[in-house]
Amino acid sequence: MLIVTVAGVRSKSRSAAAPAAEESSAPLRPLEETETYDLPAFKTHRMDLDSLPTSTTASGAQLQEYFESMYRMRRMETKADELYMTGHVRGFCHLYNGQEAVAVGVEAAVTYEDYLITAYRNHCQQLARGDTVEGVLSELTGRVTGCSGGKGGSMHLYKPENRYFGGNGIVGAQGPLGTGLAFAAKYGGTRNIAITMFGDGAANQGQIFEALNMAQLWRLPIIFMCENNRYGMGTSTARAAASGDFYTRGDYAAGLYIDGMNVLSVREGIAYAAERCRTGEGPVYVEMDTYRYKGHSISDQGTGYRTTDEVQSMKASRDPIDQVKTMLIDGGWATLQSLKGVERSLRKQVDAAVEFAKKAPEPPPEHLWKDVLSPSASGESVVRGTLVTTGGKVGTPL
Amino acid sequence: MSKIFMFDALRAATDEEMAKDPTVCVIGEDVGHYGGSYKVTKDLHSKYGDLRVLDTPIAENSFTGMAIGAAITGLRPIVEGMNMSFLLLAFNQISNNAGMLRYTSGGNFTLPLVIRGPGGVGRQLGAEHSQRLEAYFQAIPGLKIVACSTPYNAKGLLKSAIRDNNPVVFFEHVLLYNLQEEIPQEEYFLPLNKVEFVRKGKDITILTYSRMRHHVIQALPALLKEGYDPEVIDLISLKPLDIDSISISVKKTHKVLIVEECMKTAGIGAELIAQINEYLFDELDAPVVRLSSQDIPTPYNGSLEQATVIQPSQIVDSVKSIITSVKAIIT
């Protein structure tokens with residue numbers, strides 16, 4: 001439970017014990033109380049728009065959780081940017097600033113029994129699927145404490161025990177993989193679904209259409225979720241896609257357009273699509289209308305192909321974190337002060353994780369050969385080129 | 001023992017493993033209702049149903065990727081490429097996903113997947129349907145590659161491949177499906193990483209695989225008649241190469257001839273010679289010779305097609321030439 005903070009007294013996170021605090025303003029509303037919010041309009045394709053909710057209820061506790069998750073994500077990404085600029089993170093680093101409501105809203109709608117897979121802009125999915133900021137950042141800094149032992153990097157984060165399958169570097173290739181997750185869900189006779197995320201650029205990949213065809217044919221329980229953040233790398237959707245109405249591009253498959261900057265909208269839209277999948281009706285092509293504040297990756301300034309006005313106006317009018325903050329304050333569950341306290345606390349947590357990521361040990365040299373193959377009956381688990389050795393000398397009888 | 005066609009041996013392996021393990025499934029074009037274009041999956045669909053013997057649309061990239069996605073959740077799919085050529089469309093999935101997911105996840109995933117199908121030069125099928133992809137895949141880390149060549153080894157190898165927890169690319173040959181052989185009734189497995197000694201000998205080590213094994217065997221009578229004593233080794237495992245067994249042979253014969261169906265350039269032989277050079281240079285009395293297919297797209301015309309691949313008479317000539325040249329040095 002969040003405890004009211006007063007200047008000079010540190011606020012605690014939800015899980016910590018709370019000392020009594022001197023209050024400088026009226027008591028805050030109990031977090032279990034709820035409000036009802038109008039949802040921005042959905043758009044549907046081959047689905048009845050009227051069966052989608054026009055409003056939803058949320059408690060202070062839920063909004064609090066969404067706020068903390070999104071803020072933590074925003075801070076983590078900002079720190080990842082700094083780590084990259086100071087040379088601690090190398091290679092490619094694709095930041096999620098602005099898109100946090102998608103990651104958080106999805107998890108509010110489904111469980112870890114459901115499968116999730118996405119492309120390379122995936123640090124926040126790793127967090128949303130249960131990893132720690134330490135696990136994510138130390139993978140980015142290439143340390144053995146990283147979620148992939150330092151051998152994957154930014155684009156290859158995984159949390160298999162919570163059914164998160166990465167973290168994929170090749171645009172669109174996760175489409176068929178996600179179809180395989182849905183196939184496995186159906187094969188096992190479960191009601192689980194697979195959410196397969198990709199961007200507006202990947203939406204033009206042939207394999208997405210191939211995967212859609214199979215999913216519709218076999219009624220696989222899959223949500224193909226296009227995060228339309230308006231730009232591939234430096235090419236806008238207008239210059240890459242013959243149709244910018246991504247939610248209709250499933251053609252014979254049902255489609256759903258969701259305001260991806262509104263976490264409640266994401267939650268309700270995905271919950272609806274997920275239930276439809278669970279009943280065996282087949283795939284839903286979801287378009288998340290979202291926006292990335294940063295460039296495609298850190299090596300992209302993000303300014304050559306769009307105006308700073310556009311970025312600023314998105315931040316000012318549709319920022320997902322600001323939307324939830326407003327709901328919390330207007331709902332009486334928090335004040336600007338109290339939220340600043342939470343932000344301070346989360347920043348401290350993320351800062352500590354950054355220090356951890358900078359100092360954690362590198363993988364030892366022998367990890368170079370580790371996990372190329374899984375152990376098998378023939379015993380070899382070390383491979384050098386095409387040579388198999390069982391530790392003996394070449395030419396000795398086996 | 002019972003006499004069985006190669007395609008039946010492969011089918012029996014698949015059937016036995018599917019019966020034992022409900023997570024084993026088959027994914028590919030026309031594998032189900034049609035019975036498989038080479039009959040390897042004939043009647044399996046009526047036994048196991050549409051989901052476990054899945055007829056796919058013509059979308060190699062995606063159904064291979066789908067199989068990989070299923071494998072990382074714990075299913076054990078067998079992907080059939082109607083012709084291995086078509087799997088070039090799935091190269092990204094095979095190389096970047098099947099080959100890499102275990103490593104880039106720091107060991108978080110196991111990928112029990114078999115990708116099988118026929119390749120090789122057939123009877124005037126045209127260049128695009130006469131591909132040999134073994135060497136293209138051989139460089140990919142994270143894969144195992146085997147090439148079967150007889151009904152006996154096909155069955156034992158496929159059962160092992162299905163049980164292996166790694167992605168195994170399993171090469172069959174278009175012209176070998178109608179081979180017949182007696183195989184044991186009892187269940188048997190063959191190791192994925194060991195050669196098969198076809199014939200023991202002491203004069204020269206002939207390394208071969210797949211259809212060329214049979215061309216080597218066809219060359220034997222002429223060689224034996226003239227008193228040559230070749231040791232014939234079917235590589236079976238193309239990745240990893242069983243260099244340990246190969247070296248036992250080379251230390252005995254000191255001469256190596258490679259007979260392969262892939263193109264000469266960057267072929268299986270190229271990698272073999274490099275490894276023999278690294279490990280067995282001092283054992284050699286002569287440079288390693290490789291007989292490979294021409295570096296050309298396979299022509300349609302029958303005689304030209306025959307000239308594309310190595311024929312038994314060329315093998316005879318080469319063995320004689322190598323042994324004679326070594327004798328000349330020694331004497």
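Here the Cβ of each residue, glycine as well, is placed from N, Cα and C on the backbone.
Around the Cβ of B:Glu60 (thiamine diphosphate binding site), the same chain contributes B:Gly81, B:Phe86, B:Leu87, B:Leu89, B:Ala90, each under 8 angstroms and 6 or more positions distant in sequence. The DSSP secondary structure for B:Glu60 (thiamine diphosphate binding site) is helix. According to Swiss-Prot, the feature thiamine diphosphate binding site maps to B:Glu60.
Following the DSSP three-state reduction, the secondary structure of B:Asn166 (K(+) binding site) is coil. Feature annotation from Swiss-Prot assigns K(+) binding site to B:Leu113, B:Ala161, B:Ile162, B:Asp164, B:Asn166.
Closeness to chain A is evaluated for the binding-site residues B:Glu60, B:Leu113, B:Ala161, B:Ile162, B:Asp164, B:Asn166 by Cβ distance, with values under 8 Å counted; counted residues in sequence order are B:Asp164, B:Asn166. Surrounding the centroid of the Cβ atoms of B:Leu113, B:Ala161, B:Ile162, B:Asp164, B:Asn166, where the record places K(+), the chain contributes additional residues within 8 Å, namely B:Arg76, B:Pro112, B:Val114, B:Lys144, B:Ser160, B:Arg163, B:Asn165, B:Pro167, B:Val168, B:Leu192. Within 10 Å of the Cβ of B:Leu113 (K(+) binding site) there are 29 other Cβ atoms, across all protein chains.
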